[in-house]
Amino acid sequence: MASMFISLLIFSFFFFLGTPLSSNYYQKTCPNVESIIKKVVSDATRNDNTAPAGLLRMHFHDCFIRGCDGSVLLNSKGKNTAEKDGPPNVSLHAFYVIDNAKKAVESVCPGVVSCADILALAARDAVVLAGGPSWDVPKGRKDGRISKASDTSQLPAPTFNISQLQQSFSQRGLSLEDLAALSGGHTLGFSHCSSFNNRIHNFNSTLDIDPSLQPSFASSLRRFCTTKNNAKNAGVTMDPSSTSFDNTYYKLIFQHKVLFSSDNALLSTPKTKSLVSNFASSKDAFFKAFVKSMIKMSSINGGQEIRKNCRFVN
């Protein structure tokens, strides 16, 4: 039974891999593509230091539904509500960066570079610009033609426990090591109150606050996120250095000062707890693991075309 389960996971992973990717895919057809995209992301970050967090989260949310095929970029049309308008994605931002990058690339190499590849490269550049590691992004993804808001229910939720997280990642060929490393992306950005309200209000039938939260931290969250605060942008930064890609997130896990149940869940197994400890004590170890897992995750693909406009199918 166990061997059958492993075989299914392996089959699932290679099914999602789709088109083989290559680091030099555009060497002849669009040799300057990476420098073009990097400039656009750099310009955007100068004007908006939250853009890197938006781009990284967008890439993750793209890859977890039908692979990294740019489906998260598509607009809703007619009776179809697209992924970007699904509940977990309504807070995604920085789509304009991908639009600008696509326009710049199309002016030099029309009809050659997919939106999915542009997003993967932009996410890498975003991490670098925030002080994180760089890596050679495999390229050659195609853009998908299907985008449904209902599919966003497949995204791992901030309320997930370790079993739910492990299942979600394993269905995409990703391991506990990948889970621990990719969760480090939470070092960037901002979270709305709705993503962690379950921990600070009506936690269970006897407790109002999740006892695993550090008390003064929980109190500060409750001040920002009162039960009556329904403001659209109410929330807090993911960590105190929310525009810097570092290993602060992992240190905060052990201090019980992380926002999501899914963050705290990394302490639930000896394996993930050990990885969190390693990443908290060594930024280099985190960076190496993050790069490895990002390449693995971003290689899940299965699109069909090269979109002319990232917001619409051809």
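Heads up, the Cβ atoms here are built off N, Cα and C, so glycines get one too.
Checking the candidates Cys68, Cys109, Cys115 against TrEMBL, the cysteine paired with Cys310 through a disulfide bond is Cys115. As annotated in TrEMBL, Cys30 shares a disulfide bond with Cys109, one of the listed residues Cys109, Cys193, Cys225. Among the recorded positions listed here, namely His61, Thr187, Asp246, Thr187 has its C-alpha nearest to that of Cys225 (disulfide bond). Ranked by how many other Cβ atoms sit within 10 Å of their Cβ, the disulfide-bonded residues Cys30, Cys115, Cys225, Cys310 place Cys30 at the bottom. Other residues of the chain with a Cβ within 8 Å of the Cβ centroid of Thr187, Asp239, Asp246, the Ca(2+) 2 site, are Gly184, His186, Leu188, Met238, Pro240, Ser241, Ser242, Ser244, Phe245, Asn247, Thr248, Tyr249, Leu252. Neighbour density around each Cβ, counted as other Cβ atoms within 10 Å, peaks among the recorded positions Arg57, Cys109, Thr187, Cys193 at Thr187. Closest in space to Asp239 (Ca(2+) 2 binding site), of the disulfide-bonded residues given as Cys63, Cys68, Cys109, is Cys63, taking the CA atom of each residue. Look at the Cβ of each of the disulfide-bonded residues Cys63, Cys68 and count the other Cβ atoms within 10 Å; the largest number goes with Cys68.
For Asp246 (Ca(2+) 2 binding site), the same-chain residues that are 6 or more apart in sequence and have a Cβ closer than 8 Å to its Cβ are Gly131, Gly132, Thr187, Lys283.
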